[in-house]
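Going by Swiss-Prot, these are the annotated features:
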- Asp74: active site (ACT_SITE)
- Trp71, Ile72, Asn73, Asp74, Gln90, Trp98, Trp133, Thr134, Arg198, Asp199, Glu253, Asp287: substrate binding site (BINDING)
- Cys445-Cys491: disulfide bond (DISULFID)
- Asn94: N-linked glycosylation site (CARBOHYD)
- Asn167: N-linked glycosylation site (CARBOHYD)
- Asn247: N-linked glycosylation site (CARBOHYD)
- Asn345: N-linked glycosylation site (CARBOHYD)
- Asn565: N-linked glycosylation site (CARBOHYD)
- 1-28: signal peptide (SIGNAL)
Amino acid sequence: MVMAPIPQPWHQWPFLILFFLVLFSCESNLPCRNGVEATQRVFLYPQSPKVSSIVSKGYRTGYHFQPPKNWINDPNGPMYYNGIYHEFYQYNPNGSVWGNIVWGHSVSTDLINWIRLEPAIEGNTPSDINGCWTGSATILTGDQPVIIYTGADTEKRQVQNIVLPKNRSDPYLREWTKPKNNPLIEPVGPGLNSNQFRDPTTGWIGPDGLWRIAVGAELNGYSAALLYKSKDFMQWTRVDHPLYSSNASNMWECPDFFAVLPGKNNGLDLSAAIPNGAKHVLKMSLDSCDKYMIGVYDLKHDMFVPDTVLDDRRLWLRIDYGNYYASKSFFDSKKGRRIIWGWTNETDSTSDDVAKGWAGIHAIPRTIWLDGDGKRLLQWPIEEVESLRRNEVSHQGLELKKGDLFEIKGTDTLQADVEIDFELTSIDAADPFDPSWLLDTEKHCREADASVHGGLGPFGLVVLASDNMDEHTTVHFRVYKSEQKYMVLLCSDLRRSSLRPGLYTPAYGGFFEYDLEKEKKISLRTLIDRSAVESFGGGGRACIMARVYPAAVVDGATHMYAFNNGSSTVKVSQLKAWSMTRAQVNVRKG
């Protein structure tokens, strides 16, 4: 399809002046809260009265996971069993705010199109009467699936319970039963806070043949992943030391523990022998962010040992630098990969959520593996999402000089998948890097936004832009030189994403190290889904999930551009964009 030619800077100056002036005038926002709150709350939001709103339909996503209506938060117990993918989730069947939580349940054969089922777990026994919260699935020896989850008992203590499928011959595993010996694990022991003891992990087998799980906890005022052992997955004994603990924080939610191989995107099954050379990852949810450490699992001492110990948790690695929390991974035995899911909350108001009748989505499932140098996880949307692509638009060899803005036409800009390779013509133009920026990347993205000229960057995408550009979201790179290496900053700036008041509109950002002398180019992939903008920079080295609510989405008219506002010219060696058709997400009930 024929596209408009690349505009020359003098053709675009009135337009660009408006674009960069409105960027420059944005107010700053508080760092790293992401509009996300703790997932296991012991209070209920008051039910707001229904109000009329223009947001009732326009912002509902077309291919991200969400129930037909009401509130959703953490993904729970994802697994692949007998040809079916299962996704459980924290769900309020009675409203679009947090409360009345049960385990929703949906099934799929491709992780994209989903059939909804009746809730799998409800709080109706003494060990979960005050809440049935996050947990994990494990496939035991003999092909037996089980789920361990946190319940709030009659005393409102957080305890760990188990459920078993009532009929394993049912391909959808619709019904689950609770053994009478629940709870399996209680919050006993010195220094353990009974109200901060939750979210058990998937089980793994140690060198002694015993099963293990970790549970997030506050121990003596600090964060810990407590370690438990069992022969039969029913009788559990707490190990006398945590899997890992840190005095840099006071509570870890939703811990995850899994093995990865450097440079290989095949996943590892924790219930099988782990090959030599594998690394282990300990992921935790805190500060409204999902963070992780890479290290080794010391089998002799039954402990996780990180490669690098950082006392400042602001320097811990991030799964995602945007609105992404409570992630859960699982081994997909069908394709031999590890997949991770995360929850993305709304960042509009509670009254908006009530008016919409729904709140919360899950990010696109991502394949996750370890970079070849063993220093960082890489993430990429699962290949199945590509089945939704339609109407491909392609460009090669485009040149973007300082101030150039190139409109990408021929795709549905409300639901799109865009992949761009930016080729750098002069990496020597990179500005010097200041390590202090790592302590607050959002602040740096605000101060060095798309209106601020740099040596290399900003360059990237403008998405969900209104006709006159008074609403737009930028996803862009900046390149810096740090001693003998290059640091790349990926920003997703939401501060001009909407004219609507009362929204949380930060400038998200994250750095990653990149060998530009070898690669010479940086890739960007962005999935646009009405109110979701999900970006992957540098082949998945930095990921940013964002929620936006432009009025232009409701009007059904938005634009998308590639741009460069750096002093050095960048080339778009490859640009591909597709319209994304709507997935069948929980439309049908099974």
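Cβ coordinates are placed from backbone N, Cα and C, and glycine is handled just like the others.
Known features from Swiss-Prot, placed on the structure.
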residue : record                      : Cβ neighbours (10 Å)
Trp71   : substrate binding site      : 25
Asn73   : substrate binding site      : 27
Asp74   : active site                 : 29
Trp133  : substrate binding site      : 27
Asn167  : N-linked glycosylation site : 12
Arg198  : substrate binding site      : 27
Asn247  : N-linked glycosylation site : 11
Cys445  : disulfide bond              : 29
Cys491  : disulfide bond              : 30
Asn565  : N-linked glycosylation site : 25
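Each of the recorded positions Gln90, Asn94, Asn345 was scored by the other Cβ atoms within 10 Å of its Cβ; the lowest score goes to Asn94. Using CA atoms as reference points, the recorded positions Asn94, Asn167, Asn345, Cys491 were checked against Arg198 (substrate binding site), and the closest is Asn345. A 10 Å cutoff on Cβ-Cβ distances gives Glu253 (substrate binding site) a total of 21 other Cβ atoms nearby, all chains included.
Distance noted between the C-alpha atoms of Asn94 (N-linked glycosylation site) and Trp71 (substrate binding site) is 8 Å. Asn565 (N-linked glycosylation site) and Trp71 (substrate binding site) have their C-alpha atoms 40 Å apart, to the nearest angstrom. Between the CA atoms of Trp133 (substrate binding site) and Asn345 (N-linked glycosylation site) there is a gap of 17 Å.
The maximal spread of the substrate binding site, taken as the longest Cα to Cα distance among Trp71, Ile72, Asn73, Asp74, Gln90, Trp98, Trp133, Thr134, Arg198, Asp199, Glu253, Asp287, is 21 Å.
Here the C-alpha separation of Trp71 (substrate binding site) and Cys445 (disulfide bond) works out to 31 Å.
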